[in-house]
Amino acid sequence: MLFTNKDLKRLIVPLVIEQLLVILVGFFDTVMVASVGEAAVSAVSLVDGINILLINIFAALATGGAVVAAQFVGQRAFDKARHAAKQLILITAVISLFMMVIVIIFNTSLLHLIFGNVEVDVMKNAEIYFLFSAMSYPFIALYNSGAALFRAIGNSKISMINSAVMNIINIILNAVFIFGFKWGVFGAVLATLIARAVACCVILKMLGQRDLDIYVDDYFHWKFDLIYIKKSYKLEFLQD
């Protein structure tokens, strides 16, 4: 038997708690933004439809890479597992940065293309929310990759704790920026950006611990391993 009931509980319970935290924070976010006005709520709702799609793509990418790393860990091939982890972090960073740049450059055009003509106040708020949401894409994408790698070595508690910290920071800063500084939609998205940046930095720092089965270090001296990426992700557009 690969996993005992205790092992499964230790892996699954933190995942359930983490998802409940996400739902709870989403509820508080909605309540706080609602105090700004209908235009703000509409803008956040529109943009979050896009954000959720992209975040799910980042999460799927993270899960795929972490599965490959976990297979190597199961084979006790730790050097290959660490190489897989590095490639996951690298490709996640590049894709999320690319998406960020696209949204920053074509912010208004994308909103008009997807949603057509909406009220001026809604569009103004949506542009602000979309712009700063895009700046958080690399942070949430890298956070998801780091969390997935910790789960790959059977430690979902780390991602749960980091998620809790990120969400608490988000709620506190939301309250300060929205109710204290009266920054409206900008305050809400700035709180999210800061919370994701903190969570990303923390989890990447924790991944640098050399006593882990999978650790990543020397972030600025990596290069793409296209052969590995083609084999792992089966990306047809990389075929010769």
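Glycine is no exception: its Cβ is also placed from the backbone N, Cα and C atoms.
Annotated in TrEMBL:
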type	residues	note
TRANSMEM	12-37	transmembrane segment
TRANSMEM	49-73	transmembrane segment
TRANSMEM	85-108	transmembrane segment
TRANSMEM	128-149	transmembrane segment
TRANSMEM	161-179	transmembrane segment
TRANSMEM	185-204	transmembrane segment
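With Cβ pairs under 8 Å as the measure, the transmembrane segment (12-37) is packed most heavily against 161-179, out of 49-73, 85-108, 161-179. For the transmembrane segment (128-149), the residues of the chain that approach it from at least six positions outside its boundaries are 43-44, 47, 50-51, 54-55, 58-59, 61-63, 65-66, 69, 85, 88-89, 92-93, 95-97, 99-100, 103-104, 107, 110-111, 158-159, 162-163, 166, 185-186, 188-190, 192-193, 196-197, 199-200, 203-204, 206-207, 214, 216, judged by C-beta separation under 8 angstroms. For the transmembrane segment (85-108), the residues of the chain that approach it from at least six positions outside its boundaries are 54, 58, 61-62, 65-66, 68-69, 123, 127, 130-131, 133-135, 137-138, 140-142, 144-146, 148-149, 204, 207, 214-216, 219, 222, 224-225, 228-229, 232-233, judged by C-beta separation under 8 angstroms.
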